[in-house]
Amino acid sequence: MTTRGSRSEKVKRIFQQFDGNLDGGLSREEMSALVVAVNPRVKFSDEQISAILDEVFRTYAEFIDGDKGLTFDGLLRTYDDGAGDVDRDFDALGIEFNEETKGASEASSSSITDERAVEAQKQQRTAAWAVSPNHGIVFDETWKLVDDLEILVKRLKSKQEKDGKLKVDNNNVDAFSEAGWSRELGPSSDISDKRIYWEESSHDYGVFVKELGVLRSKADGARSREEAFDGHMAIGKVLYEHQLFKEALVSFKRACELQPTDVRPHFKAGNCLYVLGKYKESKDEFLLALEAAESGGNQWAYLLPQIYVNLGISLEGEGMVLSACEYYREAAILCPTHYRALKLLGSALFGVGEYRAAVKALEEAIYLKPDYADAHCDLASSLHAMGEDERAIEVFQRAIDLKPGHVDALYNLGGLYMDLGRFQRASEMYTRVLAVWPNHWRAQLNKAVSLLGAGETEEAKRALKEALKMTNRVELHDAVSHLKQLQKKKKVKKGNSANEEGPFIVVESSKFKTVGEKTTLRPDLAIALQVRAFQRVTRLWKCDVEALRREMRDNNVPVSYSGNGIPTKSIRRPNLEEILRRLLNVLKPETFQGAIKAINEKILSVLDDSGSGRVDLGMFYAVIAPLCGGHPDKRKRVAFDALLWKPVNEGSSQITKMEAVKYIKLLRAIYIPSQGMSEMLEVHGESDDTSTVTFNQFLEMYDDSEWGFGIMSTVFKLETRDRNRHGNQVCSVCRYPIIGSRFKEVKTGFSLCNQCYSEGKIPPTFKQQEEYKFREYASEVEAMKAKCVCFSMQSHKKTIAT
């Protein structure tokens, strides 16, 4: 563990090494030398150096001493604000502590010898935070508590190590992206790369907690409230350093009770709660820290960037990415050199589909910290999402060069190679992922798929078997079944190599005919599948449509006025995200993040076409109502009620015709963009229509298959069927087991899955037919009934003939 005062001493040694003229300041030339020296692997241009120095000298202007330049306190502050990593820079410079240096430092001010001796002893006993001028120990009695606690922790660790109860997660530190959050206020050392898991159910741990309670009682018995606060904060920090997070939280909570308006205990409690996976409670503590910092004037102003960053990260832990973006932006505005804030902002923007903005933020982070592997990884992912694949490959490779075992970079680069059809290279990337993370089942599955794409069927089969050992997910069994079907097909081809053709041909839509009224038309199914895919990604079907009605009834939204003076209940995107979190509270954070990304890209981008960042809440409710859970008729009713809830219609039982037309065209623009976007252009050009529409008239407009949103009847059919399996039936084109509806060609008997039918794919064997007649079966039971009816009719006909 880092010793007391060592962090400040490291900064001092760095400062002394580059203060060439010993004038107590770092000039631009000296700062330039420092930046270059601590980034030995980076080749800076003169423009980059100049920009970095301009930013530093502007941000820390209060620490600039005339021509001398940046003072020692200024350099220390840059590290405190997260603009650099002290330990990394110290190691990069190859500086070592030695007895001569320590002796010289002590001799430089030999007065008050006894106090210096006492301080030197203190510095040998615990961590750097304790001697920080802003966040360290204030009272002498607190030192005694800290020393006693260190003995207790050491004893507990020794006993648990001896009994083999102490677990240390010794994962490859290169494998994962950095958390990027500020663990401390002011000078600190980060938690060890090795996560420690204490055995809390052991007898030794119980004894430790009991003895810890005695120390807490001593802190409570201090002579003043300030001293008690100092004691509990120090106890909490020591426990936090040793990764005893639950016990540390108790101490920080007690400190919060003693001084509710102090930023530090709330911040520390938030950190503990985040590590313990209690993201909502963590967010609440950071909000209290933010409130205290903002009301405390300039006293805590320099801590605001750290609070904003950690608040953003705790929100991401809940899946609230849009809200997190707001706080990362605030941190970056307050501290423009905070490269972690910029990186986190870029990553969050990527997470909600704002790729161009993500690229800009990530490039700024890399500009400030060129060896930031995580920023390179997310920048490459953003570039790939924008279609700049070759540049993305270069940036992914740069991330891997900086961190050879970077799992995210290796895995995502493998996915990029798969998209480009470079299967052999993809397989190599997934192999490297598995070398770092052997039980990464997705990498193992993707390796099998890439090997299959590369034509190495036997290797693919072995890789799939390995994946099955890691997990028993149904998609793996489908993949194995698919592989077997392909092998069967391959054997048939070998016996008839002269007529070997591609796996399918695409037939024009007019050649696909339907048998029976219940069989879905091919174009309708293609659109419905897209809507259903969006519905599944967003999990809106898990939100009962009645929950939308309750939101409208129970939560008041203030009325605002748009540019043309029309009253509206508009809301900012982050606030809308909070509402969606309530509606989709059953989703895990990572699933909710995916839902927000899809909603932001598909719905909010259309509703907020002006880029104001605000959305008409009533229209939003009406747009998502058709995809929520519940009976289709109820969904339509709630959509109509959402339009009634808008200020222009409130209090009435009817909506304006123009509002109804706008709604229908918005639905088509969002969910059927190939047909609907051109119609939206007409909406903005229409004159005001004061006529009104009843609910029944609204239903007629809604259900119109050509100009309305009648496609929802097909979507509802998919909702009820898309988990149906058809026994051993496989699609004649893709060879995957058929799930959902089965489309059987009545003349030749081949069957297609939903996807292949919607895309017009047929086996090349049947390409000579003039037309193809399909009957749709919801299940094999339905198919068997149809077959029995057919046999019965044939038998009956024969009897009559006789």
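Note: Cβ is positioned from N, Cα and C throughout, glycine not excepted.
Pulled from Swiss-Prot:
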- 6-41: domain 'EF-hand 1' (DOMAIN)
- 595-630: domain 'EF-hand 2' (DOMAIN)
- 229-262: repeat 'TPR 1' (REPEAT)
- 264-296: repeat 'TPR 2' (REPEAT)
- 305-338: repeat 'TPR 3' (REPEAT)
- 339-372: repeat 'TPR 4' (REPEAT)
- 373-406: repeat 'TPR 5' (REPEAT)
- 407-440: repeat 'TPR 6' (REPEAT)
- 442-474: repeat 'TPR 7' (REPEAT)
Folded-back contacts onto the repeat 'TPR 6' (407-440), same chain, C-beta under 8 angstroms, at least six residues removed: 172, 174-177, 373-374, 376-377, 380-381, 384, 389, 392-393, 396-397, 399-400, 446-447, 449-454, 456, 470
Averaged pLDDT score, the repeat 'TPR 2' (264-296): 94
Contacting positions for the repeat 'TPR 4' (339-372) when only residues 6+ beyond its ends and CB under 8 Å are counted: 39, 41-42, 44, 48, 51-52, 55, 82-83, 178, 180-181, 305, 308-309, 312-313, 316, 321-322, 324-325, 328-329, 331-332, 378-379, 381-383, 385-386, 402, 593, 596-598, 600-601
Other parts of the chain folded back onto the domain 'EF-hand 2' (595-630), taken as Cβ under 8 Å at six or more residues beyond its ends: 319-322, 351-354, 531, 534-535, 537-548, 551-552, 557, 568-573, 576-577, 579-580, 584, 587, 636, 638-640, 642-643, 645-646, 663, 666-667, 669-671, 680, 709, 712, 715
